[in-house]
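Worksheet: one structure, shown below.
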Amino acid sequence: MMTVLEDMLRKTRNGKVHMTLIDPGAKPPQECARIAEEAEMAGTDFIMVGGSTDIDSRAMDEAISAIKAKTDLKVIIFPGSSLMISPKADAIFFMSLLNSGSLEYVVGHQVKAAIPLSAMKIEKIPMAYLVFDPGMTVGRVGKAHLIPRDDEKTALSYALAAQYFGFRLVYFEAGSGSPYHVGENVVRRVKQELDIPVIVGGGIRTPEAAKALAQAGADMIVTGTIAERSVNVYEALHPIVESIKEVGISKIQ
């Protein structure tokens, strides 16, 4: 059976990927499930559960169980701390906030979670996490040395270091609810030299923004706030998903 990472890599080779981020600290389990169900209808490829809110494993269990009862999509944990783990998920982004000024977020939470995770039969996906200006909550909580949104050299330096460390993915984050996203020029420059997939999230609210990032080379686009705040998640997400899938089709052709 194909692993979650293998499925991701296959999808990025053949086009572009959209992921929907759901924060179980912001919504009750059944509402998380409704968002996931409508996101699947809109064409999203994976569901991420987590975010900047620090919640416990019980809340993660409840949210993920509710989501998996409503959708066939793979569920990936996007942890904000060592407490945000669950055996109910299909995979977890085992991630390091490389530009944090605190070792707790570079490796500390990861060490605390390692033994509990070893007992869980979920896939662990090594991912480098880089927080850009303005950073929002995750930048503040994670004590990030924010990368300017248009700083190509710093972004490339971190991304290459991540690749050389052996991370399988790199995630460029502007922060949940950010007024703007990481610059297209940064994504374009990094993709010229990087061999591993680039995920971009934060501040992506429109089909035009998502399409521009996909055209710049982003392999995966993450949206979260727009889904959480929309009464009709399908109507909010479908145009965004379609915009990046169109770029993916042109990539194949």
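Every residue gets a Cβ built from N, Cα and C, even glycine.
Database features (Swiss-Prot):
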| type | residues | note |
| --- | --- | --- |
| BINDING | Asp23, Ser52 | Mg(2+) binding site |
| BINDING | Tyr171, Phe172, Glu173, Ala174, Gly175, Ser176, Gly177, Gly202, Gly203, Gly224, Thr225 | sn-glycerol 1-phosphate binding site |
Task: Surrounding CB atoms that lie within 10 Å of the CB of Thr225 (sn-glycerol 1-phosphate binding site), all protein chains - done: 21
Task: Diameter of the sn-glycerol 1-phosphate binding set by C-alpha atoms, the set being Tyr171, Phe172, Glu173, Ala174, Gly175, Ser176, Gly177, Gly202, Gly203, Gly224, Thr225, in angstrom - done: 17
Task: Count of other CB atoms lying within 10 Å of the CB belonging to Tyr171 (sn-glycerol 1-phosphate binding site) - done: 23
Open item on the list: Out of Gly175, Gly177, Gly203, which of these binding-site residues shows the lowest number of other CB atoms within 10 Å of its CB?
Closed with: Gly177
Task: Secondary structure at Tyr171 (sn-glycerol 1-phosphate binding site), reduced by DSSP to three states - done: strand
Open item on the list: Give me the CA-CA distance between Asp23 (Mg(2+) binding site) and Gly175 (sn-glycerol 1-phosphate binding site), in Å, as a whole number.
Closed with: 13
Open item on the list: Taking the Cβ of each of the binding-site residues and counting other Cβ atoms inside 10 Å, which one has the highest number: Asp23, Glu173?
Closed with: Glu173
